[in-house]
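Undergrad: From Swiss-Prot, here are the annotated features:
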BINDING   85, 92, 110, 111, 303, 513, 547  cyanocob(III)alamin binding site
BINDING   199, 210, 212, 214, 249  Ca(2+) 1 binding site
BINDING   212, 214, 248, 249, 255  Ca(2+) 2 binding site
DOMAIN    38-152  domain 'TBDR plug'
SIGNAL    1-20  signal peptide
TRANSMEM  169-178  transmembrane segment
TRANSMEM  184-195  transmembrane segment
TRANSMEM  216-226  transmembrane segment
TRANSMEM  257-271  transmembrane segment
TRANSMEM  347-363  transmembrane segment
TRANSMEM  379-394  transmembrane segment
TRANSMEM  397-411  transmembrane segment
TRANSMEM  468-486  transmembrane segment
TRANSMEM  490-505  transmembrane segment
TRANSMEM  513-525  transmembrane segment
TRANSMEM  586-597  transmembrane segment
TRANSMEM  603-615  transmembrane segment
């Protein structure tokens, strides 16, 4: 079930879930402060999505999961597998830190941002999603928020899934988790997804017609072994990889993207009484090809980004009084190999971070703080900090306030790429304020927050800079987020409203591809054994650029306005037996035609049917 943080729950006898139909006081999260704590004790707005909910919604991608959550706006160049941008509270997609099992996703490539459309949904067992700055906990990138993808399965057993759908969609996956003796657990899972896709049609004045199907195929494999060496020591070894192929329309050509990615993690954990510690090491390697399918993967016109990333973490947690303190060290090394067509030679950068976080409760007041220092090989030392507090001024009603700093380090392409790179770039920097109130009024659990985010030293390359990357930009973001949940008999309701005014602080123009207003509504209803789910989303109007229409007088591309749209999804599931469940979904029920990225169509109405067998 989804869990939306409600501060009053941390201070009240009864814990309520602002985003769940049922209450689970034992739900734990680790993302907010890098120590395990009840979901109802975190000050920052936090949402947890479980595998149970992903199955109930019958989501087909991680972007499909994220688009339903408060503060999230998705811009995507077409359908399943097409390039996507995740905007949290109006910030850039590169301002979102994506973790997999608490370890940074490999972002050593040229763009420096995470494309969630490429992460197989079959890997995802839980999502912990934090809104607001978290650089004082994790370092670079966490300006808009943090998304932590958990792959660990909660219980043993075997699951077989098969699904079909519109546009030639097929999905097959199998997973098993078994105990090997009293101390060892092993998990193995595999997945295959394919769709013929549709013509996403990149329109532009410089673009010819490209009548084709832009399909997607993904194959993934996952395995892990966990072992308990005793009551206090445990360890794990985990590996996963995926092979994705995406056909897409560029503004001047038909292209194919081929992405190979593999990751290996291992770690040791120790816990004794009020103290625990863990040491984790990780290695990931990805090869990202872009090529003309008529000429082949290794043709002269193809491009390759061959990147590696090494991570090491040592974290310590100590229970102190009515709270917890966490401290540790992170180390990361990113490498682009010399056979990459995006750089002239092998390039690397490394970062070492030291952090301290803590939370304490004093009667009706909760205080939280974190501080971190990062030593980066290119720009040196950078400090960040964050503090927050809540006060239950009346039983069941709380005031919350926080302030924090954050930063985003220049990515590898901006520092070392063949076009416009600049080794003298400095980090993008952010200052964020947030305040809010939440309460329980009758059956309704609600929260209203207002926030402001000022971002300086934004990196850009324009004609005025000679098309060389410079720290020349500024952004000013103001917003309001309101959430509520309540039950009416057997029906659960969850509603969120987002108002985001995200602007270029120099020109006062709206930032591209971000809707000013969004409304999201989720209804879950179980009638006898039939489980219904209705999802509504209103996407307000947004602005984008027509990259086929350059205007020299203003050194920019023409701005275009994309209209708003209302979308409905309908899903239902029925347990035929205690082992077999059949699910069906209609996405975009009323077949609305809309765009979240200019020139790129969306899928229209789609139908899906899935069978799941567990034993």
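Cβ coordinates are placed from backbone N, Cα and C, and glycine is handled just like the others.
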Undergrad: The domain 'TBDR plug' (38-152): mean pLDDT?
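TA: Computed over the domain 'TBDR plug' (38-152), the mean pLDDT is 91 on the 0 to 100 scale.
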Undergrad: Among the binding-site residues 212, 214, 249, point out the residue whose Cβ has the most other Cβ atoms within 10 Å, with all shown protein chains included in the count.
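TA: Sorting the candidates by Cβ neighbours within 10 Å, the top entry is 214.
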Undergrad: Binding-site residues 214, 249, 255: which have a Cα within 10 Å of residue 92 (cyanocob(III)alamin binding site)?
TA: none
Undergrad: Which ones in the same chain are close to residue 85 (cyanocob(III)alamin binding site), with CB under 8 Å and 6+ residues apart in sequence?
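TA: The answer is 74, 75, 76, 93, 113, 513, 597.
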Undergrad: Filter the binding-site residues 199, 212, 214, 303, 547 down to those whose C-alpha lies within 10 angstroms of the C-alpha of residue 248 (Ca(2+) 2 binding site); answer none if the list is empty.
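TA: The binding-site residues close to residue 248 (Ca(2+) 2 binding site) (Cα within 10 Å), listed in sequence order, are 199, 212, 214.
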Undergrad: Identify, among the binding-site residues 199, 255, the residue whose Cβ has the fewest other Cβ atoms within 10 Å in this structure.
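TA: Fewest other Cβ atoms within 10 Å, among the binding-site residues 199, 255, is found for 199.
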Undergrad: If you measure from the CA of residue 249 (Ca(2+) 1 binding site) out to 10 Å, which binding-site residues from the list 255, 303, 547 are inside that radius?
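TA: The binding-site residues close to residue 249 (Ca(2+) 1 binding site) (Cα within 10 Å), listed in sequence order, are 255.
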Undergrad: If you measure residue 199 (Ca(2+) 1 binding site) to residue 303 (cyanocob(III)alamin binding site) at Cα, how many Å is it?
TA: 23
Undergrad: How many Å separate the Cα atoms of residue 255 (Ca(2+) 2 binding site) and residue 214 (Ca(2+) 1 binding site)?
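TA: So the alpha carbons of residue 255 (Ca(2+) 2 binding site) and residue 214 (Ca(2+) 1 binding site) sit roughly 9 Å from each other.
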Undergrad: Do you know offhand how many angstrom separate residue 214 (Ca(2+) 1 binding site) and residue 303 (cyanocob(III)alamin binding site) by C-alpha?
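TA: Cα-Cα, rounded: 19 Å.
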Undergrad: Between the Cα atoms of residue 547 (cyanocob(III)alamin binding site) and residue 212 (Ca(2+) 1 binding site), find the distance and write it as a whole number of Å.
TA: 21
Undergrad: Six or more residues beyond either end and a Cβ under 8 Å away: which residues meet both conditions relative to the transmembrane segment (513-525)?
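TA: Sequence-remote neighbours of the transmembrane segment (513-525) are 21, 56, 68-70, 73, 75, 85, 87, 90, 490-502, 531-544, 564, 596-597.
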Undergrad: In the structure shown, which of the binding-site residues 248, 547 has the fewest other Cβ atoms within 10 Å?
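TA: Among the binding-site residues 248, 547, the lowest count of other Cβ atoms within 10 Å belongs to 547.
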Undergrad: Mind checking which residues of the chain, 6+ beyond the ends of the transmembrane segment (586-597), have their Cβ under 8 Å from one of its Cβ atoms?
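TA: Same-chain contacts beyond the ends: 74-77, 85, 513, 539, 542, 544, 562-563, 565-571, 603-608.
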